Every structure is written in C-alpha cells, then in structure tokens.
Protein chains: 2
Amino acid sequence: MTSIRQSWLDIPVDSHFSLRNIPFGIISTAADPHRRPAVAIGNYALDLLEFSNSGGFRQSGFTNTSVFENPTLNAFGALGRAAHRLVRTYIQDILAASGPYPDLLERNHPLRERTLLPLSSVQNHLPLEIGDYTDFFVGRNHAYNCGVIFRGPDNALNPNYYHVPVGYHGRASSIVISGTPIKRPVGQILPDPTAVPKIPVLAPTQRLDYELEFAAFIATGNNMSERINVNDAEQHIFGYVLMNDWSARDVQAWEYVPLGPFTAKNFGTSISAWVVLSDALEPFRTKPLARPADAGDVLPYLKEKNEESVYDIELQVFYQTTDGDKAVISKGSTKYLLFSFAQMIAHHTVTGANLRPGDLIASGTISGEDSGSLGSLLEKSQAGKVHIAIGQSTRTFLQDGDTITFTAAADDGSGAGLVGFGKVTGTILAPDY
Amino acid sequence: MTSIRQSWLDIPVDSHFSLRNIPFGIISTAADPHRRPAVAIGNYALDLLEFSNSGGFRQSGFTNTSVFENPTLNAFGALGRAAHRLVRTYIQDILAASGPYPDLLERNHPLRERTLLPLSSVQNHLPLEIGDYTDFFVGRNHAYNCGVIFRGPDNALNPNYYHVPVGYHGRASSIVISGTPIKRPVGQILPDPTAVPKIPVLAPTQRLDYELEFAAFIATGNNMSERINVNDAEQHIFGYVLMNDWSARDVQAWEYVPLGPFTAKNFGTSISAWVVLSDALEPFRTKPLARPADAGDVLPYLKEKNEESVYDIELQVFYQTTDGDKAVISKGSTKYLLFSFAQMIAHHTVTGANLRPGDLIASGTISGEDSGSLGSLLEKSQAGKVHIAIGQSTRTFLQDGDTITFTAAADDGSGAGLVGFGKVTGTILAPDY
C-alpha cells in the first residue's frame, strides 16, 4: 500500500476509518443479533463472517477463517501479527480503488449489500473477552500532577517511579463498551479527612472523574515463569483502544493505602469499540518522554532497540453537561508516556506472570505538558479548587447527566486519511441510593 | 443427614473427605484425559460425568446434569446454592450406609469400578475458570504484624483498616492447582534501601515467602451497578479452597507504593483442588475477630444479622526443606478474620462492581494470636531477623527446592468425620536467570 491509496468506497475525509486504518471490532445488528467480527471502513462496517461465508477470503491466502465464527476476536488475535497483517492488507486490497480484486466486492452489489453495513445500524460489543486487565501509571505528567496535589512538588514522584513501570491489576468484569451509561457509585468516603477519629460514611461519590487512557489488547501471550523480551513485546500486541477509567476520587483517597485503588475504580471502565492494529500506527511512531539526567538509565530488561517506541496520536476530551453545554476541554497526545507498551509488557512478565490473548493493558492517565492537555478533572480542577468552564456551566467533577467523550486520531498530513479510534463515550446516571 | 451417618465405602477416620464433606473438583485420568467434574469421598474421586451418563442422577430431582459435561464447575456453580445442596445431599444418600439407593452404586460393582477412581490415580485441575481474582487483607493479626515490622506498633494499622475490608485485584492467569512448581521470580529489587539515590537491580528474589490464605469461589454474580446485600452475600458463594499467595517481599517493598503489589505477587498463586461447599462448613461457624472499642462500629452495609459469620477450621503449614528436613511450622485457624466473606462481597460490590461465577475472593494472610500460628515467613522471621528451625535446617525465607504444604480440616468431635480441604502444595524451582 502506498500512502495515497484511496478506496472505491466514499470515505469522508474526516473519517477515522480510512483505508489505511482497518480496525477490527465485534458487531451485531437488529436483523442479526449474533455477535460477529467486522472491520470499520468509512461509514461502514464490513461484516467479516458474512464476507468469509461468501468466499471473500478464498483468494487471500488466509485459511483460518473459522476464527470469524467466534463472538470475540480472541481467536483471531491469538493467530499472531503475521495473520493480522495478512488479513488487514488483503481487506485493503479488496477496498482499494483500482485494486487487484474489483469483482470480489466493488462490482458485486449483492455482496456489498450483505456485508457493508452502515455504522449507524450496527451495535458494537466488547471486541475481545478480557481475561486480566492491568492498568499502568506511566503517564508521567499525570503522575507528577497528582503527586504535586497530594504531596507537593518536592515529593511528587515516588523514588521507584523512573525505574518501575508502575501498574496494578484492575477489574476485568466491569469493562464496558463505549456508550454504556455509568451509574454514580456509592462508596466509603471520609467526610472530613482532617477530623480525628476518622469515621467514614457511605455516600454517593462527590468527586467522580474520568481518566484519559490508551490501552493495548494482547494477541499472543507467554507461559507462566517465562519473560517477554522488551524487543519482542510488540509482537504480542493485537492493537489499541481508547479507555476511560472512571474514578471516584473521594473513595480512592480513603481506601487506597496500602494496597491501591479498589472500589474507587472497579465500578466501570469504558473502551472504544474498534481495535486499531499496531501496523496501522507505524507511521505515527515517536519517542517517549525523556528521562531526567539524574534519574539514571532503565534496567537492561527495559532497554529498547527502537527509540521511537510510542505513538503520537491526538487525544481530545469532549464534555457535554446535563444542560447541553459543550466544550472540548483537553487536547493531548498518546506520546506523553514514560514507558512504552513494550516496556510495560516486559515489566509485567518480568517475575513470570503469564499474559493471555485478550488481556488488556492500559497506560494510565495521559496528560500533556500544559493545562490544556490534562487527562483528568482531578488535575484540571486542582482537586476541586478550580472551576472549569463548559459553555455556560462550570464543573469541578462530573455531575449526573454529564457525558464524557474521548476521541483520538492520527494524521501525518499525507492525504492518505486518518487513522482514528472513533470514540469512547459514557453518560453519568444518578446513583441508586 | 444426621451427624453420625457413615458410608458403605471404607473411609479412613483421618480422611479430609468424609461423608459430610463432599467437595467438588475437576479431574482427569491417564485412561481419560478429558477434564470432568468429580467429588472426593475418602480415598476416591466419584466421576460425576460418568455417574451422570450412567443414569446416576435419574432419581435425584436434579435435571441440569449437562453441567457435568463441562471441563470446569462454572456452570454447576452458576445454578446456585439450592442446586449445590440438592446434588450434595443426593450424593450423600448414594454413599450412605443403609441409604435409600443401595442398588444404584453400593451394589452395582461395574458402576463402582467405572465411577469410583482412586485419588492417587486422578490428576486435579483448576476447579473453575477464574474471571477476576481479588485478594483481601482482612487477616487482622497479619496486617498488624506487618504494620509493626514496617511502621512500628503505634501506626501498625492504617486509619481505614477497621472500616474498609481492604482488598485489591490480583492476577487470575497465574492461579495454579496444588502441586504446580513455582519458579523463583526475578524482579526489580533495591539492594540497599537506605542508599541515595535509590538504584534497583534485576535479581532473583532473596525474600520469597508464602501466604496462608482461605478463598471463596463465587457461584452466582450480580449485575454491574447493583450491590450485593451483606445478608444475601453467602448465597453467592459456591465454596472454599486453601490458597498460597506466593510473594517476593523485596520486590514488593520496592514496587508497592502507591498502587499496591504487582510483580511481587502475580508470578503464581496456588489453590487446593477440592472446593468445599458452604453447606459442609455450617457446623463450624464462629464469630470473627472482635473490634476494639475505639474502632467504632462498621457502616450499616457491612452489618451482618448472623454474628457467627466466619468458620473455625484448623490450618497447618508444613515445611519440607530441599535437604529433607520437615516440620509443621504453623497451626492457625480460618477464624482470625476481621471481616467475613459476606462482608468482603458486600464491600466488593458496594460501588457497583459485578462479580461473575468463577470469580475467586481470598481472605489475605491469616495469622493467629501467637508466634506458633503465623501465616507467613515475613512474620515468623521478623522480616529476616529470626532464623526458623526446621529439623536440622534453618530458614528466614524460602530456598530453592523447599516445599510448602498447607492443610486444613474442621472437626467438631462428633465422630461424623473431618471436613477437610486436602492440601495446597508447591516446590520452589531455581530461577531462570
């Protein structure tokens, strides 16, 4: 594929799903509620099960088409990156103007009718069944900003921070697809953190927040007690999604010592529907955040041959209040990471933990360098001190009825179109209390 | 069933698997490597798939026998406690001397031959597929002992400890069945915690430890955003197993701030093979640890109607060194918990996290009141200061080739036999480094 290849399909210039993207997801429709794999292209989903059943892959060289009979992408993911590449480039060939297979789909209107479904007509589902979900904390700017809020600028980052890709295991069961409403959680909160003795109450969180994150699905895992080498780690990644790690800050503050966040975060985590494959992100590689001179180097098991180990994909946070006020309140990038996903994977497996196809690994909150690129309300509102303007409204934390939408898209100005993630969106419902 | 009912099978008096136990597991044999459900009785496993296929459940009133065709107990668990009770009491009737169905198994020697397999001939496998695994920290004596070691007696327990059943999400993928060897992990360690700057090395852990835990499998879950009431919570439990939460203390000390243990614990967690149902533990109820007067009461969502909300089951830690020295180094009880499993479940779901059939919830390390009942080497060795005698050997932490075995059994002296858990055992292998 050259960078200016176009499709015979009419793909809007601002579509996230250009010919050079081809992200994978799981769909159903009103006519067929059976969950099945698809790719997004322009304003359509290409139904891979129907396409495969109609012989669409016969000329592809891809023989494992039975994986498209599954209601998740785990089996496809587990085939490994060579298989993903084969299928993705073949689909690009099918969809390319003046491509090698014009009779297969472009001129086959009955098959187009059956397999190209308007995105507006499809329901998305979780793309993979998630075994374990791990959330890292390698968005250094976010870690620093939170550290300043809670401990002041001199001790903002813990001594281990520049050496350990800090992470923790999160809750897999409550990961939901974009569009799922989030009910305001009710949890243990300390009404007055300065009072003695410390007596909590059970109450709806008053500090409900979003966290802007980027996450990778594991394609192929490792055996227990075996490490994944940092320079092989990208081969284990299926692709990426956007994530909103909803967080109750008051619950978190009370519960997190000494074992980390628990009920403050396990009530719901939203992800975008379409998994953008690693290959589609190759043009957007860049270097991770520089290490300060006094931090020293990382340990050898975290040292990467490829210095451009993260991606520069523009992130946006769109806020819509329950009153209909709207604003883009943050513009950031996926590049503001101290450690790459390859480093996170190498560290995740260093003591021998086994990853499995479908595991989800998230970056932690990503904030940029300035106040316009922060990835959480905790940072934007300075823990509730600063009111954020959204049209005629102001906010410190989320109110019932508010909707948060993250979008992300990469563009290198080549004219070849966007490589985007669509969106991850969620609306806050009033608590059940 | 009366408490003195006996079986027509010859069950040794010290067997953990008396007629009043009937724990469930998953087995395979050399002759049939297909994984299938079974119950343990005396020195035998009763193959439930074969028994069911032979019409064994026709008179039981239990019609969902297709669940026994699964290679895990998730589907059986998901049927709920009434179904578990029906099947367990029916199997007790089948196995009881002078029981109502003597022709079904006792006098049917061909069926006995096919379904009653010597335990020595069966291979056990994980009894349920574990979606999410959560480890709590409600063994108060352990929490206090560790707090004293790290922070001194005045600040041993954090201010939230008596109000929050503290817990965190653990790694599900690396939970293994008893008998699986554990390779000594290699991880980030700070060689000299007092040096400045703090520069870690990658090295095999020098402080490999066990943690003596008790864990519950979830039978039936809850929907996201719905809470499980503390007084309904036991109805969601399938049964219990012993757990060894292997831990690398030096890795843990360096990594755990601020998000909790990660690579220090996710390399392997061992569980016993046979799930002891809640009903079998009813005779052994007792009260949890008393709350100190100045701790105040728990919040209403954690208040239980039944004061006897934990079990008194004797725990033993058996150490065998690589040189063959042997000793029972701890005798404790599952009763030393500040919060019951019902309270852990109520808290786990308080903000709306959904539990699913097969989820595993562990107590955290259980230590008794004195030095003979401690649940970890960290406590027994006072963080490496005290050498523990094991025959002719001494230890502070685990050495390669050492084997740790936990056993647990309850006995009320009624003569009706033990309700035991068998064992969870694991041997440490040399690191791959």
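Indices start at 1 and increase along the chain as displayed.
Positions of Cβ are set from backbone N, Cα and C atoms, glycine also.
Note that TrEMBL annotation is computational and uncurated.
The active site, proton acceptor feature in TrEMBL is assigned to B:HIS142. Look at TrEMBL and you will find B:ASP135, B:GLU211, B:GLU213, B:ASP245 tagged as Ca(2+) binding site. TrEMBL lists B:PHE137, B:ARG151, B:GLN252, B:TYR256, B:THR365 with the feature substrate binding site. Residues or ranges marked as Mg(2+) binding site in TrEMBL: B:ASP245, B:LYS265, B:THR269. Residues or ranges marked as domain 'Fumarylacetoacetase N-terminal' by TrEMBL: B:21-127. Marked as domain 'Fumarylacetoacetase-like C-terminal' by TrEMBL: B:159-419.
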Fewest other Cβ within 10 angstroms of its own Cβ, chosen from the binding-site residues B:GLN252, B:THR269, B:THR365: B:GLN252
B:ASP245 (Ca(2+) binding site) versus B:GLN252 (substrate binding site) - Cα distance in angstrom: 13
Distant-in-sequence Cβ neighbours of B:LYS265 (Mg(2+) binding site), under 8 Å, six or more positions away: B:ASP135, B:GLY170, B:ARG171, B:ASP245, B:TRP246, B:SER247, B:ALA248, B:GLN252
Helix, strand and coil totals (DSSP H, G, I; E, B; other) for the domain 'Fumarylacetoacetase N-terminal' (B:21-127): 41 helix, 24 strand, 42 coil
Rounded Cα separation (Å) that holds between B:PHE137 (substrate binding site) and B:GLU213 (Ca(2+) binding site): 10
Residue with minimal Cβ packing [other Cβ atoms within 10 Å] among the binding-site residues B:PHE137, B:TYR256: B:TYR256
Cβ under 8 Å to chain A, applied to recorded positions B:PHE137, B:HIS142, B:GLN252, B:THR269: B:PHE137
Nearest of the recorded positions (B:HIS142, B:TYR256, B:THR269, B:THR365) to B:GLU213 (Ca(2+) binding site), judged by Cα-Cα distance: B:THR365
From B:HIS142, B:ARG151, B:TYR256, B:THR365: recorded positions whose CA lies within 10 A of B:THR269 (Mg(2+) binding site): none
Pairwise Cα distance for B:TYR256 (substrate binding site)/B:GLU211 (Ca(2+) binding site) [Å, integer]: 17
Pairwise CA distance, B:GLU211 (Ca(2+) binding site) versus B:THR365 (substrate binding site), rounded so that it is a whole Å: 5
Spatial neighbours of B:HIS142 (active site, proton acceptor) that are distant in sequence (at least 6 apart) but have CB under 8 A: B:GLY364, B:THR365, B:ILE366, B:SER367, B:LEU374, B:GLY375, B:SER376, B:GLU379
